[in-house]
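What TrEMBL annotates here:
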DOMAIN    53-271  domain 'CobQ/CobB/MinD/ParA nucleotide binding'
BINDING   59, 60, 61, 62, 63, 64, 65, 66  ATP binding site
């Protein structure tokens, strides 16, 4: 007869041992996601502050504004002060994704005209007081023809020297295209986050934008691959993240899976990272924000192909 041997007891140790930090709880069926992705330390801020980051892509509709909103609020939840600038002069959308559209009374254009102060144009989020929104202009107002890179640089310098202290991060939501709006948005930035999707049109535009950023002196460029579907990658209907990284030659900041909750959160003005329980896309944005703080990157892995189904006669060599 076979004797039953009792299995040894598994002890869970904390990832980052400290006297003031409690160890992670064992996995359970109800809270497995929370226990695996539980942060038990604050990330260490790398680089000189404030860090001015432009979030761009070249192609419209790939998720730049969604990335700005979710990464910005994730940074605020980690304890860093953030100012998000919607640099789209004609078509602003960042206030809609954040649910702050009814609170934007003044813009940068009115600050430059002397109609209000800079602190009056900053909209503070009620959920996280260390997150602020700054819009360039109102959608129905006349386009400021004189607004350019020098004006946006002045705004960034004013944020650095304000009395209540400079923010840790200044995120600039870049408009689509590579025209004057793109040049304006990247002028004051020191680093860039390039958002792309696994389709050839987006990748071509991303490659073009990478060259323009490097010509402007921005060398710290990281990539976020959005709307990734592993089922299509396994079926060879979508380019893998590893192939995209080899094609563009950029450090990988995050991989955001396709998630239907993105549309719901956009319509509600409630970013994904605030959802309870968190979605897969929201968790991916939080991890991207964590890497952005520490100037870290992730490695893409090879996705195995879907195994072929074997018929009944395959067992007989058929």
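Along the chain as shown, the residues are counted starting at 1.
Backbone N, Cα and C atoms are what each Cβ position is placed from, and that goes for glycine too.
Remember, it's a predicted structure, so these values are computed and weren't measured experimentally.
Mapped onto this structure are the features recorded in TrEMBL.
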residue : record           : Cβ contacts under 8 Å, 6 or more apart
59      : ATP binding site : 176, 196, 201, 202, 205, 206
60      : ATP binding site : 176, 177
61      : ATP binding site : 176
62      : ATP binding site : 195, 196, 197, 202, 226, 227
63      : ATP binding site : 57, 195, 197, 224, 226, 227, 256, 262
64      : ATP binding site : 55, 56, 57, 173, 174, 176, 195
65      : ATP binding site : 86, 93, 94, 97, 173
66      : ATP binding site : 97, 226, 262, 266, 272
Neighbours of 59, 60, 61, 62, 63, 64, 65, 66 excl. site residues, C-beta within 8 Å of centre, ATP: 57, 67, 176, 195, 226
